[in-house]
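Annotated features in Swiss-Prot:
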TRANSMEM  12-32  transmembrane segment
TRANSMEM  48-68  transmembrane segment
TRANSMEM  78-98  transmembrane segment
TRANSMEM  106-126  transmembrane segment
TRANSMEM  138-158  transmembrane segment
TRANSMEM  165-185  transmembrane segment
TRANSMEM  209-229  transmembrane segment
TRANSMEM  242-262  transmembrane segment
TRANSMEM  271-291  transmembrane segment
TRANSMEM  297-317  transmembrane segment
TRANSMEM  338-358  transmembrane segment
TRANSMEM  362-382  transmembrane segment
Amino acid sequence: MTSANKSNIPALLALAVSAFAIGTTEFISVGLLPLIADDLDIPVTTAGLTVSLYALGVTFGAPILTSLTSSMSRKTLLLWIMFIFIAGNTMAATASSIGILLAARVISAFSHGVFMSIGSTIAADIVPEDKRASAISIMFTGLTVATVTGVPFGTFIGQQFGWRFAFMVIIAVGIIAFITNGILVPSKLRKGTKTTMRDQLKLVTNSRLLLLFVITALGYGGTFVVFTYLSPLLQEVTGFKAGTVAVILLGYGIAIAIGNMIGGKLSNRNPIAALFYMFIVQAIVLFVLTFTAPYQAAGLITILCMGLLAFMNVPGLQVYVVMLAERFVPSAVDVASAMNIAAFNAGIALGSYLGGVITDSIGLIHTAWIGGLMVVGAVILTGWSRLMEKRDRQEA
């Protein structure tokens, strides 16, 4: 592991640029659902599959493809990832039916899963151990900046020029990310380690890692019960106009970026303890939103608080999975990171699916407290994991 110095920063920034491109394409559908539904003449909940199937593509693609590409040069793999990303979004921009659009989203999702897994391990590997969460948070800043600017700007572009043009802009960002990776990411990165079936079996049967994957899915996915349908909630429940929603999404994204950086700082030394308290506050905010959503001022404040907490847990979850993998399955750290990325997206898929079911059955307002229940599950399991961590320290 190299020491932290200024030469690490360009590589981290290159990863952040790629994360920005990928983050924009992941979440842009949230703001474009009504436009996609109108253009393809489908229900908005069917258009919502562009979010949930993307998440499923990451869920299944991340561990499988990361394992298959484990012996490749990290830089070569990064460039191939961005090439596939560009191809998938080109297919989406030219899709003539929902079937083609969903297939394009899954292709893009495959690049997402591999990038986020190896990106996290590269970021963690090029800094000292006590700076790992901060390094990962720098990489994930690209993802949060995508939510700050990419999603609201993409929503605005879609409203002005059509949803297809929004995807064309993403293609341009992907090309920039490809060039940035080629120039700034050093060739002399830690080589991938070929993971054996025995290592993978050991990984998927390790109770501590499996527990963390469930925590990730519940804690991260709870917010997406609400977030996937945030645009219609803001319009139909809170009473904001469509043009105002893009501005609110910008504020939501700024809150996410701030929360991500705070989460990285809080998680540097004791990530599991930090996660426990983050999830408690996150659950409370989601429950409160159930009561404040019908009121514009109170609802807006609560939604911004939800944004502050939405990604705050990401650096801690990723650094903790690396810590556990190095302890229990050191030859499969990349695959463990990929499986946690899969868990993030399993949470998104579950959350967005539940959001659609709830919206169709009992109404948008109920997405908040049901999302809160998911996060309560993460609180309970994080508390359990925290107790086991304390026991390990006592036995050491």
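One is the number of the first residue shown, and numbering goes on along the chain from there.
Here the Cβ of each residue, glycine as well, is placed from N, Cα and C on the backbone.
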Given 106-126, 165-185, 209-229, 362-382, the one sharing the most C-beta pairs under 8 Å with the transmembrane segment (271-291) is 362-382
Outside the transmembrane segment (242-262), at least 6 residues beyond either end, the same-chain residues with a Cβ under 8 Å of its Cβ set are 31, 137, 140-141, 143-149, 151-152, 155-156, 159, 230-231, 234-235, 300, 303-312, 314-315
Tertiary contacts of the transmembrane segment (297-317), defined by C-beta under 8 angstroms and 6+ residue spacing from its ends, are 133-134, 136-137, 140, 143-144, 147, 212, 215-216, 219-220, 223, 226-227, 230, 234, 237-238, 248, 251-256, 258-260, 262-264, 266-267, 271-272, 274-275, 278-279, 281-282, 285-286, 288-289, 340, 344
- request: Verify whether three or more Cβ pairs under 8 angstroms connect the transmembrane segment (209-229) with the transmembrane segment (106-126), leaving out any pair fewer than 6 apart in sequence.
  value: no
Given 12-32, 78-98, 138-158, 338-358, the one sharing the most C-beta pairs under 8 Å with the transmembrane segment (48-68) is 338-358
Contact set of the transmembrane segment (78-98) with the rest of its chain, CB cutoff 8 A exclusive, min separation 6+ beyond the ends, reads 18, 21-22, 25, 40, 42, 46-47, 49, 104-112, 114-115, 118-119, 164-165, 167-168, 170-171, 174-175, 177-178, 181-182, 185
Long-range Cβ contacts under 8 Å made by the transmembrane segment (165-185), restricted to residues 6 or more beyond its ends, are 10-11, 13-15, 17-18, 20-21, 24-25, 28, 32, 75, 78-79, 82-83, 85-86, 89-90, 92-93, 150, 154-155, 157-158
Near the transmembrane segment (12-32) in space but 6 or more residues beyond its ends, with Cβ under 8 Å, are 47-48, 50-51, 54, 78, 81-82, 85, 89, 105, 108-109, 111-112, 115-116, 119, 122-123, 126, 135, 138-147, 150-152, 154-155, 158, 163, 166-167, 170, 173-174, 176-177, 180-181, 183-185, 227-228, 230-231, 245-246, 249
